[in-house]
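Engineer: Can you keep this structure in mind? I'll have questions shortly.
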Amino acid sequence: MALFEEEMDTSPMVSSLLSSLANYSNLPQGSKEHEEAENNEAESSRKKPVKAPQLGTLMGVYLPCIQNIFGVILFLRMTWLVGIGGVIGTFVIVFICCSTTMLTAISMSAIATNGVVPAGGSYYMISRSLGPEFGGAVGICFYLGTTYAGAMYILGAIELLLIYIAPKAAIFPLEGLEGAEAEAALLNNMRVYGTILLTSMATVVFVGVKYVNKLALVFLACVILSIFAVYAGVIKTAVEPPIFPVCLLGNRTLVWKSFDVCAKTVETANGTVTTQLWSMFCDSPLLNATCDKYFTANNVSQIQGIPGVTSGILAENLFGTYYEKGDLIARQNMESAEDQDDPLTNSNRYVLADITSFFTLLVGIYFPSVTGIMAGSNRSGDLRDAQKSIPIGTIAAITTTSTVYMSSVVLFGACIEGVVLRDKFGEGVHGNLVIGTLAWPSPWVIVIGSFFSTCGAGLQSLTGAPRLLQAIAKDNIVPALRIFGHGKANGEPTWSLLLTACICESGILIASLDAVAPILSMFFLMCYMFVNLACALQTLLRTPNWRPRFKFYHWTLSFLGMSLCLTLMFICSWYYAIVAMVIAGSIYKYIEFSGAEKEWGDGIRGLSLSAARYALMRLEEGPPHTKNWRPQLLVLVSTDTEQNVEQPRLLSLTNQLKAGKGLTIVGTALVGSYLENYDQTQRAEQALRKLMETEKVKGFSQVTVSSNLRDATSHLLQASGLGGLKHNAVLVSWPRNWKQGDEHQTWRNFVELVRETTAAHLAMLVPKNIAAFPSNGERFTEGHIDVWWIVHDGGMLMLLPFLLRQHKVWRKCKMRIFTVAQMDDNSIQMKKDLTTFLYHLRIDAMVEVVEMHDSDISAYTYEKTLVMEQRSQMLKQIKMTKNEREREIQSITDSSRGSIRRKNPAAVTTQLSVTEDPPAASKEEKPEEESASSPVSPPAQVQLIHDNTTPTSPTTPATPLTPAEGAKSPGEQVQMTWTEKCDGEPAKPPGAATPEGIKDIFNMKPEWENLNQSNVRRMHTALRLNEVIIKKSSEAKLVLLNMPGPPRNRTGDENYMEFLEVLTEGLNRVLLVRGGGREVITIYS
């Protein structure tokens, strides 16, 4: 193993890996990430030995699922659902809901068997499969569903207590009340008793969960016993139907509460005597009393409430009967003498519909009775073999409960009379629980059994929900929930329990079981929908880690389950569905923006990867259409020795150009070898990301390392981007201090970069004086963005100001477009055509055509060119020693200036320094022209200072020097001056105005004749353009102008820099723009 001994720290031996896996224990809170936090706690040093989980499939999964699935709806609402929806309609509802949970269980089994699932249940599975955003959103929805389920169970228990077990216990008595008053009194009773029961349950949970777990088996026994009692009662009806008479007046069901005999009169030894029923509808017990019209016109009849499974009543109950609120529960196919014009009187004597019923309402009320399928996966930490037990136990439990539900629908419809089924609270059968009337040996078996089972289910909800919230809080993906991750010393979630009790109380205040059920249906359906989505996504993406032991799954089944969940959400209640989705969406976005970054290898990341790959492959099919063109920027920045970005305003400009859209790559180049500079590279990348975050630039950062800066920048230019998603424009700042001899490589790199962008057909944006550009926090309240459109560049100059003006910094600036007309051009027609062009482009801008006629090349231009070429000659000597270079510079200066005499201007002048910052100056970035100010009094004298770091200034023409000044020592400064007019336009050399001046010019002509005429012409153009631009745009907030290309031969590179310097001289903010050789803007829609 000596071959690997140097890597043992990062790559442990297989034996040690296997031993660590063998010692693995499931964590109680359901998150592997908590292990580190627990290790930091003080008691970690004396951890108790972890007891090995012992639960098998039956006790660990099957029975808990049975207990959670069977619940309050089966006992309190199933008979009513069959009566209202009919056997066929209810069977369809049950089948759809059970199919949904079965498909969800298949998906859940696949996820649960794909690796070890700690005790976090559905939240753990969804968050690790779909990512923290979906996991948090669905986890909170599942938590809310479980909490409202607790409220539903408590309301069910109170309904059993107040209506069937102890009606006398009502604090708000119902006697003598009818209609809305009776309903309000019932709801208030539910609220009071529900709050009391909730407080008691929360106290039990707080005191100790172990008591809840011990009682769980007792509650489970109650459920199973109750269901067997119902089946026993069904079998008994075939032999001997129980006697549960129902009293009808005409075809209307009477509330059998205040009378004993179902008859108007009875025959006794003393003759015909009226009954209590007579007294209810008549004003006196006498036979000649005035009675209710309907009572007089119809007979009273008594029918068997439970005719039995062999009676053939099933045919009558096949189809549904839906009621409006307040409708009478009447028997079908039974005659009734009724005057439609007569108002309904004595309505409290009849059994009435308490809510308006419709098919979708039934779905919403029924669905909670199939929830609870996650009970097994929630206990995965306690299972001996979770990967085997969860699929078998869950699917077996769903199969069992679905069979019971479907058979119950058919058996209820075959055994019980329709009016009894539709009697929700059993008012027509002496106030008995309807399902209890069918049970054997006594209705009390069902009543007591269902009461305890609902209490048990409520306790389970109040136990499970806080732990789920605690698991979400400890994952630290929702900052607002962080406090709920804390609990008692033993880990019990105290704060979570408090919040759960408060939310549960809001459900209890609703007070209606039928109103609460659809709410928790929404949350559970959303949770199940995302379980199916997680399985379908993992299957379709074929991620290498997706290897479930459970093989009986398919993405189509998961997709069908997801579709059913979504359909059921909108079937149950479309507005609740929208509210649930808004809640989940809000949580998702909150986690996305504020939550901690988590990488769990989730499917959404995989989906993003697949979608990105697909999109990139599509982009490869061809270049984007002109309408879709937008600047995809490669921003080149430089860093200092501490790896901090030197031009942060470049990223501000990037943000203003992009407005967060499109591709942005911020790159920097480092010199050296990658192996030796890896840490430096990481620091640089971190600095780039931090600055991008500060400037709100959305994009990517990239750092390249090469032996020299030129190659590293070239690599960035070539290798950035991927496939069709590549940059189409390069943003780089103008090289500062490029005239200094020590900085010669900077401008050479810049010129080479210009050449490479041209060769690669990339656009180029060069902001000059970048430090003067506004930050993202600044606002221009007025001003202009001036575009100098000299040559057509594909429309870049039109598009960039438009993009800038979308940003709040530039929004209030107006756009002006200047174009240059030459001698042969019709300037009036040009202006008209340009205005029309802008109109079609839908760009609002002022247009001006500037006429530039050919004029004689001035002596000033020649002198400017002469200085430039002399500087070029000096730069060729750049490899000499410092002393040699100084002597060379001085000799060149002396030979070119020795014959020229200097004239002193007579006017008062202001000296203006236009040199770059000396190296000893502050390292803060300064605008190149910031040290220059406007002329104060005419004429202004410009003084150029040349020291040994700036051999010659290329920005000024020189006037004759005195021999004394020309003979100064090399270390001293050489001064050259010329006068300017007060408007800033360069005047002719002072000598041109006098005969002596004319003589000096003639003396200079031999030197001029040796100048490169191409350079003279270029300098002439640059000076003339600069003159015009300063005249028109000196007050503009930003000037955009075409950037000329570099010379094809590399001999005149330094001259190229000089031309650009002259072109932009005296302007505060300039953006030089070079097109990429394609159209970027179109007039067509």
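Any Cβ shown, glycine's included, is placed from N, Cα and C.
I grabbed these lines from TrEMBL:
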type	residues	note
REGION	26-49	region 'Disordered'
TRANSMEM	55-76	transmembrane segment
DOMAIN	61-234	domain 'Amino acid permease/ SLC12A'
TRANSMEM	82-111	transmembrane segment
TRANSMEM	123-145	transmembrane segment
TRANSMEM	151-171	transmembrane segment
TRANSMEM	192-209	transmembrane segment
TRANSMEM	215-234	transmembrane segment
DOMAIN	348-634	domain 'Amino acid permease/ SLC12A'
TRANSMEM	350-370	transmembrane segment
TRANSMEM	390-416	transmembrane segment
TRANSMEM	519-540	transmembrane segment
TRANSMEM	552-577	transmembrane segment
DOMAIN	648-765	domain 'SLC12A transporter C-terminal'
DOMAIN	780-904	domain 'SLC12A transporter C-terminal'
REGION	879-974	region 'Disordered'
COMPBIAS	949-963	compositional bias 'Low complexity'
DOMAIN	1017-1085	domain 'SLC12A transporter C-terminal'
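Could you place the listed features in the three-dimensional structure?
Structural biologist: Residues of the same chain lying 6 or more positions beyond the ends of the transmembrane segment (55-76) and with a Cβ under 8 Å from any Cβ of it are 152-153, 156-157, 159-160, 216, 219-220, 223-224, 226-227, 365-366, 368-373, 375-376, 379, 382-384, 388-390, 392-394, 396-398, 400-401, 404-405, 408, 433, 435, 446, 450, 453-454, 456-457, 460, 513, 517.
Confidence annotation: the domain 'Amino acid permease/ SLC12A' (61-234) carries a mean pLDDT of 86 in the model.
Residues 71-73, 75-76, 185-186, 188-190, 192-194, 197-198, 201, 368, 425-426, 431-433, 436, 447-448, 450-451, 454-455, 457-458, 461, 504-508, 510-513, 516-517, 520 of the same chain lie 6+ residues outside the transmembrane segment (151-171) yet bring a C-beta within less than 8 angstroms of a C-beta in it.
Nonlocal intrachain contacts for the transmembrane segment (390-416), taken as residues 6+ away from its ends with a CB within less than 8 angstroms of a stretch CB, comprise 57-58, 60-62, 65-66, 69-70, 74, 78-79, 82-83, 86-87, 90-91, 94-95, 98, 101-102, 105-106, 108-109, 112-113, 117, 227, 230-231, 234, 237, 305-309, 311, 313-314, 317-318, 369-370, 373, 376-377, 380, 383, 434-435, 437-438, 550.
Tertiary proximity for the transmembrane segment (519-540) is limited to same-chain residues at least six positions away from its ends with a CB under 8 Å from its CB atoms, namely 100-101, 103-104, 106-108, 110-111, 114, 122, 125-126, 129-130, 134, 138, 141-142, 144-145, 148-149, 151-152, 363-364, 367-368, 371, 507, 510, 546, 553-555, 558-559, 561-562, 565-566, 568-569, 572-573, 576-577, 579-581, 584, 603-604, 606-607.
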Engineer: Tally of helix, strand and coil residues over the domain 'SLC12A transporter C-terminal' (648-765) according to DSSP?
Structural biologist: 58 helix, 24 strand, 36 coil
Engineer: Any contact between the transmembrane segment (82-111) and the transmembrane segment (215-234), i.e. 3 or more CB pairs below 8 Å with pairs at least 6 residues apart?
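Structural biologist: Counting Cβ pairs under 8 Å, fewer than 3, so no.
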